Amino acid sequence: MAPAAATGGSTLPSGFSVFTTLPDLLFIFEFIFGGLVWILVASSLVPWPLVQGWVMFVSVFCFVATTTLIILYIIGAHGGETSWVTLDAAYHCTAALFYLSASVLEALATITMQDGFTYRHYHENIAAVVFSYIATLLYVVHAVFSLIRWKSS
């Protein structure tokens, strides 16, 4: 009974099928929007270094971790083991929580920038907030599908 339960659920894809399965297809969009967040925050003025430092940490950490995971999935490093399904679900739940906190803090930092900063820097931060919330949504959706896959594995 235990081997059937371990092999009966969804497994992680390997090779280029990573780009054709629903939750793993979101890696591409997480990569794009996460990269845009840290590029925009890095290019703008930083009114609150501690707040935007957290935003930078979260966006760069998730960018590097997402890149690492997608490369490991493409080369098939997981070998079909269920522990990787658990890792995938745990990572995406943590990333979703971190990105939500970073999005709220970036919005707070942007609100405080209304006066005394250039129009360009203010709009860069507005774009960073929008892309940060999009990245948060992507990580939440990926986390939900990863938890469903984890439960069925």
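For all residues, glycine too, the Cβ spot is worked out from N, Cα and C.
Owing to the predicted nature of the structure, the values given are computational and were not obtained by experimental measurement.
Annotated features in Swiss-Prot:
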| type | residues | note |
| --- | --- | --- |
| TOPO_DOM | 1-24 | topological domain 'Cytoplasmic' |
| DOMAIN | 18-151 | domain 'MARVEL' |
| TRANSMEM | 25-46 | transmembrane segment |
| TOPO_DOM | 47-53 | topological domain 'Extracellular' |
| TRANSMEM | 54-75 | transmembrane segment |
| TOPO_DOM | 76-92 | topological domain 'Cytoplasmic' |
| TRANSMEM | 93-114 | transmembrane segment |
| TOPO_DOM | 115-125 | topological domain 'Extracellular' |
| TRANSMEM | 126-147 | transmembrane segment |
| TOPO_DOM | 148-153 | topological domain 'Cytoplasmic' |
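Ranked by the number of CB pairs under 8 Å to the transmembrane segment (93-114), the listed stretches 25-46, 54-75, 126-147 are led by 126-147. Under 8 Å from some Cβ of the transmembrane segment (126-147) lie the Cβ atoms of residues 22-23, 26-27, 29-30, 33-34, 36-37, 40-41, 44, 55, 59, 62, 85, 88-89, 92-93, 95-96, 99-100, 102-103, 106-107, 110, all in the same chain and six or more residues away from its ends.
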